[in-house]
Amino acid sequence: MRGRPPPRASRNRERAGVTADARWSETGFAKINLALHVRRRRDDGYHDIETLFAFCDDGDVLQAAPADAVTLSLTGPFAAGLDGGGDNLVLRAAQALKDASGYVGGAALTLDKRLPVASGIGGGSADAAATLRLLNRMWRLDWPAARLAELALPLGADIPACVHSHALRGEGIGEKLRRDPGMDALAGVPVLLVNPLIGVSTADVFRGWDRRDRGPLATGDALFVAASGRNDLMPPARAQVPEIAQVLETLGACAGTALVRMSGSGATCFALFEDKIWRDRAEAHICAAQDGWWTLATKLRAESGV
Ligand SMILES: C[C@](O)(CO)[C@H](O)COP(=O)(O)OP(=O)(O)OC[C@H]1O[C@@H](n2ccc(N)nc2=O)[C@H](O)[C@@H]1O
Ligand SMILES: Nc1ncnc2c1ncn2[C@@H]1O[C@H](COP(=O)(O)OP(=O)(O)OP(=O)(O)O)[C@@H](O)[C@H]1O
């Protein structure tokens, strides 16, 4: 399918030298695994998982302007730790969409990198998904979310969930996605993310899993599923980054928490709070006590279309 050229107004603005157009902006929403059960190592080296994905209201910010070629510039607090070249997931996602759609043209992309890199909250996956959502609109492709998610899977197991960016149950390697009744209750829940600013390799952490299947994720009410679940990647991640234990202990000692756990392959840990006042108090306390830790006070996202 070929996309239509961008609307005249934005082409005119581009000629006038205005590159940022509010319409051509998307957030790469931070991902949290409220629970993550690793069930089996597969023959292809990947693992079958059962996870409850949730997404935060904040994340990296991607902007685009119509252009002849696909290019990427990086800004923001975590831009320095990232290569903006062809390996960047933003460029890989843009190229995959261009190739698959046959779109003639490009996009000048700017990524404001606000999430720490290699931190278990899907930064690169969220950016790739934001790229697909943004270019799908700007290039007028009108692909449904499920088609974008299918295109994205070869780029990363988390990207299909990030295309949707709302609470979902994930199975397979994370690509079999289902919205269960009761997930609406997660929307708006106050959450605090804390990262000790030590990068973790997802592949290394999966490799450190002890291959013991500890059983399935529950079904039913989303908060119950989360609370009764585990993160099976926490022990191998903690073996590589002992600071994770300290982050979990610090969050666990805060008042007003409903759930404290590590996300993904770490090292980011999160706490869900009963009220945003408790969340903000916890963040203030942690920032005062730990100079080198990154925090983000946010809330869980509601379901919304692409
Ligand atoms: C840990 C999670 O973040 C939980 O949502 C994901 O399972 C990882 O998703 P991701 O970072 O998008 O993963 P990918 O970029 O596809 O894979 C990175 C590496 O993690 C390992 N990997 C990933 C996903 C999975 N289900 N099993 C795996 O074993 C593989 O060694 C793979 O080479
Ligand atoms: N736009 C991007 N943002 C972050 N990392 C990227 C990006 N593009 C490519 N990468 C590469 O992807 C690797 C994983 O980074 P990312 O931040 O996605 O990890 P993560 O948060 O642990 O992800 P997940 O939770 O999906 O395992 C990094 O080592 C980085 O080099």
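Backbone N, Cα and C atoms are what each Cβ position is placed from, and that goes for glycine too.
Features as listed in TrEMBL:
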type     : residues                                                                               : note
ACT_SITE : LYS31                                                                                  : active site
DOMAIN   : 88-165                                                                                 : domain 'GHMP kinase N-terminal'
BINDING  : PRO116, VAL117, ALA118, SER119, GLY120, ILE121, GLY122, GLY123, GLY124, SER125, ALA126 : ATP binding site
ACT_SITE : ASP158                                                                                 : active site
DOMAIN   : 229-283                                                                                : domain 'GHMP kinase C-terminal'
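Sequence features annotated in TrEMBL and their locations in the structure.
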{"residue": "LYS31", "record": "active site", "DSSP (3 states)": "strand"}
{"residue": "PRO116", "record": "ATP binding site", "DSSP (3 states)": "coil"}
{"residue": "GLY122", "record": "ATP binding site", "DSSP (3 states)": "coil"}
{"residue": "ASP158", "record": "active site", "DSSP (3 states)": "coil"}
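Neighbour counts of Cβ atoms within 10 Å were compared across the binding-site residues PRO116, GLY120, GLY122, GLY124; the minimum falls on PRO116. GLY120 (ATP binding site) and LYS31 (active site) have their C-alpha atoms 8 Å apart, to the nearest angstrom. Compute the center of the Cβ atoms of PRO116, VAL117, ALA118, SER119, GLY120, ILE121, GLY122, GLY123, GLY124, SER125, ALA126, which mark the site for ATP; besides them, the chain residues with Cβ within 8 Å of that center are ALA30, LYS31, LEU115, GLY264, THR268. Taking CA atoms as the reference points, ASP158 (active site) and GLY122 (ATP binding site) are 7 Å apart.
LYS31 (active site) sits 6 Å from GLY122 (ATP binding site), counting Cα to Cα. Sorted by the number of other CB atoms within 10 A, the binding-site residues ALA118, ALA126 start with ALA118, the lowest. Every protein chain considered, the tally of other Cβ atoms within 10 Å of the Cβ of LYS31 (active site) stands at 27. GLY120, GLY124, ASP158 are the recorded positions among GLY120, GLY124, ALA126, ASP158 whose C-beta comes within less than 6 Å of an atom of ligand 2, given in sequence order. Proximity to ligand 1 (Cβ under 6 Å from any of its atoms) holds for these recorded positions out of LYS31, PRO116, ALA118, GLY124, ALA126, ASP158: ASP158. Around ASP158 (active site), taking its Cβ as the centre, 29 other Cβ atoms fall within 10 Å, counting all chains.
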